[in-house]
Amino acid sequence: MSRSLNLAVIPGDGIGQEVVAEGLKVLSAVLPQDVKLETKEFDFGARRYHATGETLTDADLDALKAHDAILLGAIGDPSVPSGVLERGFLLKLRFAFDHHVNLRPSKLLPGVATPLAGQPEIDFVVVREGTEGPYTGNGGTIRKGTEHEVATEVSVNTAYGVERVVRDAFARAQARPRKKLTLVHKNNVLTFAGHLWTNIFNKVAAEYPEVTTDYLHVDAATIFLVTDPARFDVIVTDNLFGDIITDLAAAVSGGIGVAASGNINPSGDFPSMFEPVHGSAPDIAGQGKADPTATVLSVALLLRHLGYEDEAARIEDAVSADLGERGDLPARSTSEIGDTLAARVAG
């Protein structure tokens, strides 16, 4: 019996167009013959904003909702005021589709340089809460523009929101060989939110006796990410701290050029979205210089989320092999890297 994979594709801005094309190339090559790939491209980002003033409408959300998953290239352009696309598209989509798990694997792959001394063992996953914290837009200003201006940005943390992301993190830790989960917060200063996170973490931990747990203040976690990244297996943290430490994690494991991410709706009520961590890089857009590796690894995350474990592993193996050989190869274009990876996964 044939199957189908119905994918919404959002190339977005800058190099997003180029890297998404290579991600789709690899996806088409790796899928079993009985799986029909159906894609629909959506024009979101700076071009549409300038043409229509729109970022993401309710009709757009309805159209996206019909798909199994979403593949995003990059959103952002210097011609658009800061915050317009970030809040009007990225955050709006995240909240509308309840992407409350932001998944960021960090693994130092063969042939990839790290700024850390030696070649440390780096293989961990950050599970970042995606729909609460200070990103909810709960805040404001008074006396704006005066020397007495006051600005607030409220961090919203609910027991429901915290528990569901903590449970997701425990399940992921349980499925990994090391079975270790670290909670990162700042509960000695942010006592209200911090204690909510800590209490729920400890409550859920009792249901996972095989998972080793520990706690780190976020400032201590940043130190250990640099001095001893091997101590981490799975990290769970809130939206703001997760936003910060995931980029540090990417930096120590080779940079954002190889960093993939998933914005996950674990229940499957809405399609999850997968994207490279890097930005739109308008300075090199259209020149064939962008490395599509992070997008290809995001495709692997997408496939694993949808249950295509073998295909995801083949992509990851192909990327590892390709990265390990790059030192002996001349520079390649975006499409040449995609061609190589597609050929590897096709066998």
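From the backbone N, Cα and C atoms, a Cβ is placed for every residue, glycine too.
Binding of substrate is annotated in Swiss-Prot for Arg94, Arg128, Asp219; the matching candidate from Arg104, Arg231 at the same site is Arg104. Applying an 8 A CB threshold to same-chain residues 6+ apart, the list for Arg128 (substrate binding site) reads Val101, Asn102, Leu103, Arg104, Val236, Thr237, Asp238, Asn239, Phe241, Gly242, Asp243, Thr246. When the recorded positions Arg94, Tyr135, Asp247 are ranked by how far their Cα is from the Cα of Gly279 (NAD(+) binding site), Asp247 comes first.
Applying an 8 A CB threshold to same-chain residues 6+ apart, the list for Arg94 (substrate binding site) reads Gly130, Thr131, Asn263. For the binding-site residues Asp219, Asp291, counting C-beta atoms within 10 A of each C-beta gives the highest total at Asp291.
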